[in-house]
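Pulled from TrEMBL, these are the features on record:
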- 81-179: domain 'Potassium channel tetramerisation-type BTB' (DOMAIN)
- 299-505: domain 'Ion transport' (DOMAIN)
- 225-247: transmembrane segment (TRANSMEM)
- 308-330: transmembrane segment (TRANSMEM)
- 342-364: transmembrane segment (TRANSMEM)
- 414-435: transmembrane segment (TRANSMEM)
- 442-463: transmembrane segment (TRANSMEM)
- 475-496: transmembrane segment (TRANSMEM)
Amino acid sequence: MMLNLATKKKSNAGHCSSHFSSHCVYDLPSTTMNCTTPNHVNNKKVSYQLSKDESFDDMDDERDHLYTQIQPTTSSDIIFKLNVGGKSYRIRSEMVLTCREPSLMTKLISADHEERLKMTDGYSTITEEYYLERNVRVADHVIDYFVSGLLHKPEAICTERFREELEYWQLNTNQLAPCCSMLDTSSFPQRLREKQDEEREFDGAKCSAIRKLMWEIMEDPSSSFLAKIFSFISIVFIFSSVIGLIMGSMPEFQEDPTYAHFYHSYHQFWRQNSTRASKFDGSSLTISENELDSSGFVYKPTDSPNSFLIGLEYVCISWFTVEYIARFLVSPRKMKFVTRGMNLIDLFTILPFYVELALSAFGINAERLKELTGAMLVIRILRVLRMARVFKLARYSTGLQIFGNTLRASMTELSMLSMFLITGTVFFSTVMYFIERDEPNTAFYSIPAAMWWCITTVTTVGYGDVLVMTTIGKTVATVASICGIIILAFPISMIVEKFACAQQQAILEDQLRQAQVAAVANDYLLRRFPARRKVPGRDPMQYREHAQNGKIQTIA
């Protein structure tokens, strides 16, 4: 039997549908066909088999006779006949039109015959079916969306292909079921499109081939072997600079380490014998260098590492500077490069070094600026920004990237957690202030002072530096601790769930990336060795897949 199709160019319109349909399995090489058709009148399925002596016309007449038994329950229940990739669907129009979201199915049912011909790929005058040459597996789930109200993703189809089908059916990922909603949080297709757009901008630029190669080496560690070597060297420099900064704060690695061991022993003595004193008696003295007095050793950190650590800092900063400038020069989008988060971290990593270098060039000693209150704050901020280089590891760490994506996706939960903490802190700190303020030597001398105790209690940290004296105060502290556990439990569980979803999504993205690399390699081999290309139709499995995808116009 030949299906007479009024074929035309494909339309990019699209969206979803629903079905109660006949499910027929056609076997082209043989003359038998098994077909199961739902008989809604008798509430049972009718199965029949076409023997060698029967003709396809007899089978077709019997099938049409069964379909005529499907009668509308009301005058508005019109049965819409649709064929997707060779599979027939019978859809009740009212069921589709009740969907509030516009889709291809709602447009098809609402349109007249001429408009339907423009939106579909063909029309069968025999079966009165409108034909769409699309993926059958996705069509089943799209049709099921109108029946159940939930859209699910087929297992045997990649995420990007499913997105393309949803765009055709004019459905969006907001309609996905909760079990498949992870697809909606994936930013991989968007990042893939942005990467493709950046690669297109290299076309026509000066030295485009070299710039594109360098860009891939510095931005994508998994792109090539050279990219992996470059990322490894960058990681070594990052760890070296961070370790150098840490060692530079130790007295043994500063300019004058003569009495460093006295400082450590004296400081340890005061830590063991006092839980409240944070400084020893001689710390209030004004000194300019390490010295001994009558009470013991008085140490003032010089903030000046030895020559080896200074040289290590110069080497690391030189590498970071060259790397940042090279990234900027080969970048196809200069403004976007400067404002990108990871590149801002790179800039903050090297900026404090050059600020101090500029001050030294103008004869200004950064150590003397500490005597000025405002200048001291600026110097401390610059020193703290030097530690931002540890965040450079996020460029090469998948785990840190997943953590960052989880935080961005959990802004609602984090906002809710912050609101809970603020509310609980203000309430319990106010209560504790009025309960404990009249006690001698109390630490709750104001509400802001009580907030410190409340934050450490509600978050279940409990430093123990602030003590509650009264019985009522201890009761309130107990309630605050219990409320803190409850407050933290709900948002954190949601964040952990999103982290697990993001981790699973990262695995799927890695599999998709590997599949894309394999497809590119396979395409190259087929072009390089055309003799290995298979002739279409010779492989029976390939022929069956070809038929199932609706690429042929003959359906038996």
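All residue numbers here begin at 1 and follow the chain in the order shown.
Using the three backbone atoms N, Cα and C, a Cβ is placed for every residue, glycine included.
The stretch in 225-247, 308-330, 475-496 that contributes the largest number of Cβ pairs under 8 Å to the transmembrane segment (342-364) is 308-330. When Cβ-Cβ distances under 8 Å to the transmembrane segment (475-496) are tallied for each of 225-247, 308-330, 414-435, the top count falls to 414-435. Long-range contacts of the transmembrane segment (225-247) within the same chain: residues 216-218, 253, 305, 309, 312-313, 315-317, 319-320, 323, 386-387, 389-390, 392-393, 395-396, each at least 6 residues beyond the stretch ends and with a Cβ under 8 Å from a Cβ of the stretch. Secondary structure of the domain 'Potassium channel tetramerisation-type BTB' (81-179) per DSSP (helix as H, G, I; strand as E, B; remaining residues coil): 47 helix, 19 strand, 33 coil. Cβ atoms under 8 Å from those of the transmembrane segment (308-330) belong to residues 211-212, 214-215, 218-219, 233-234, 237, 240-241, 244-245, 247-248, 253, 337-338, 343, 346-347, 349-350, 353, 389 of the same chain, restricted to positions at least 6 beyond its ends. Averaged across the domain 'Potassium channel tetramerisation-type BTB' (81-179), the predicted model reaches a pLDDT of 83.
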